[in-house]
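Worksheet: one structure, shown below.
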Amino acid sequence: MLRFVCGRFQSGIRRYATTIDRFRNIGIIAHIDAGKTTTTERMLYCAGKIKRIGDVDSGDTVTDFLPQERDRGITIQSAAISFQWHDSSRDNSPRVINLIDTPGHADFIFEVIRSLKVLDGAVLILDGVAGVEAQTEKLWRYSRNIPKICFVNKMDRVGAGFSKTLKELTYKTDRRCVVVNFPYFEQTNQSEDPVFCGVIDVINMKLLKWDTKANSPDAVTVVDLLELNDSDNAKVEAIKSRESMVEILGELDDVFVQEFFDGPSEGNSLKVSAQVLNKSIRKLTIANELTPVLAGASFKNVGIQPLLDGIIQYLPSPLEARLPEVNPKDIPVVHDPKVGALINKQNNLCVALAFKVTHDQIRGLMVFVRIYSGVLNSGNTVMNTTTGEKFRIGKLVIMQADQAQEVKSLSPGQIGVLTGATITNKVATGDTIISHSIKKDGIRSFGEKESQLKVNAIQIPPPVFSVIVEPKSLGNKKLIEDALKEITMEDPSLHVIIDEETGQTVLNGMGQLHLEIAKFRLVNEMKVPVDFGKIAVSYKETLELPTEVVTFKDERGFHFSLSVESFEKDTINIEERSGASCFSVDNDENYLIIEGFQDRLQKSNWAYQIPIRNFVTTILSSAMASLQSAGKVGHLPLYSCAVRLKKDWDFPLDLQSPAELLSITRSLITEALQTVDVSNYTLLEPVMDAHISVPQNDIGTVMQDLCSARTATISSLDDENVSSSDKLMELESQSKHLYYPTDSTLGTAKIQDDKLKTIHAICPLKEMVTYSSKLRSLTKGRGELHMDYKGMSKVSQERIPDILQEL
């Protein structure tokens, strides 16, 4: 046996590799409590980034640095950190991993959504005991276009099952998987059950055993499996897994088949080199045809180095990543083997996405950006293509959690931060920034297409909870407005509505915890003297029938005709094919439709004094202000409606200020809404897609409570046991050739015989706010609830009076 101690970089090394192929932009995603932050902490220690391992429960991890994160033991906001890792199987040069640790709680799903927009790959962490949970499936859907590797964590826990989890993964995600390593258990004198202490490396046919008592990820013993007795169980399982791997790769990769039969291996799966296997797995992973699966126990420091190797081996560099989505769609985006994405055939065009905005008490405003093409230099003039505004940026930094490292420039594939007073109020989350890669003021050399360019648009989920925000005194009103502006700029999934009639300010968010964190920040971090109402469900209204068309026309040249109607965003393509342009108004799926807009842009050079961008922004502002409290049932915001501007619109060519344009269009929208009475308005409420896991003996009680007390609609009832006979055939077709190693501990784990069933139900959110405690009572603590926002639904007539009374 050999003693192997993982080589680690010194924490003082600050110089990063500059070639693009050496970067890995990856995210850590998982269901809450699967071990994301713990895994990240071990990665940083193994890489020499930190000298001491922090602990989530102790509140001293690197990436969970906010006070509320450390108090609650959960990740609230995404944290970015860069570090080097040397994969011993490749050349001697280190790779740079730009890692983003994301939240797992459903209330902070927007943090995950915006992070996924800038990542080239992801590590999906699975709880080896819980398996593939509801939030895991949701994260898989969000990241379906991103190459991933899976890490089955917590294999040291009683009831953990690697193959059980692997079966769930292949069944629930419909993705082909390949086992790169799997758990190794050893019988000890201290325990009746086998103890997890290492992994079996299928690629290199090695057994890696960690000394778990040493409490260090570095103390690893390496055993050559081929030197063991043929009857040794570890060797037998490894050979079966390698044969399975070769069959899977042979089915998906023709080049591998040729190398397998014509190369040195001569058709023997044990003779295929690690290099050939890794090359094929990498190719298929980047093509999103295969997902490598690894095992470990992060808290016990087991399996971290192979996971880091897997990130380098299998996940793409920016040169290999999928091309960004660009609008307008006629702007060409091609792959350049040297620089990655080349946008609009412009070698010197730097394109960056601002995916996160935050305020630091010391550094001020910080804008996190991902560079897609070109080079962004400190001190350069840039343009925000959303607003059309040009401004000079200050210092550029790379973040190491809450520590900043200043750099002179950011290259393609890098994730960095804009800082300085010059960017204040200039950039919001989701904005695209363009610049010239060489000239400081070269932005002037770009044309109209570049100035309209948008990259990887970020969709903001609609908020479903709200809370009233009131100043403690009238003198504090401006302070509160500024604080709310700051907090919503950082987190656009928070939304502020001000009722112009009552003056009431309402803060909307994704969940109760989401709003609790926002309240904490306003009071404790921003020191705003404010009172809050009770957190409540956010209701909306919509139109049943379109309003009448109303018109404004005068001798000065103003001519606008418009109406308001219910609208489904799925019909946007139909509108655009007819020559109209559709613009999102807000987070409530409201839209502005400008008929004939595309023809206007094509047939003329836009002779108006007011720029195109300002014209659209003005009409959008009118729509937003008019719709936010226009409902007649409960004076609520309108949802899923469209303001349709008829194609004969016009205004004076020499009009320079948009103020009159704003006033006219806003009055018109209000007038249009007055043409229909209250009977044309419908009250809407958020409904949730609930996944409720309950013991079989409690199904009847729980379903009766859901249908009667919660007015839920039951969609289906599923068996959580993937191995049940009715699922075996489907699982077999999805996991063809995949070998499932023996789950050594499941036979001895103290698991109750009462199998769990999953109830899928559509439920009004209002009826589910306190349901978790009720479910625990009905199931003696064994029931589990997970909910996803499904959409807005009409409120039944019998429930409307109670809801209006609550409002």
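Placed from the backbone N, Cα and C atoms, the Cβ positions cover glycine too.
Noted in Swiss-Prot for the protein shown:
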- 30-37, 101-105, 153-156: GTP binding site (BINDING)
- 21-319: domain 'tr-type G' (DOMAIN)
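Taken residue by residue with DSSP, Lys36 (GTP binding site) is part of a helix. Computed over the domain 'tr-type G' (21-319), the whole-number mean pLDDT of the model equals 87. Neighbour density for Thr102 (GTP binding site): within 10 A of its CB lie 26 other CB atoms from the protein chains shown. A count of other CB atoms within 10 A of each Cβ picks out Lys36 as the most crowded of the binding-site residues Lys36, His105. Annotation note: Ala30 (GTP binding site) sits in a strand segment as assigned by DSSP. When Cβ atoms from all protein chains are considered, those within 10 Å of Met155 (GTP binding site) total 30, not counting its own.
Summary for the binding-site residues Ala30, Asp33: the Cβ-based neighbour count within 10 Å is maximal at Ala30.
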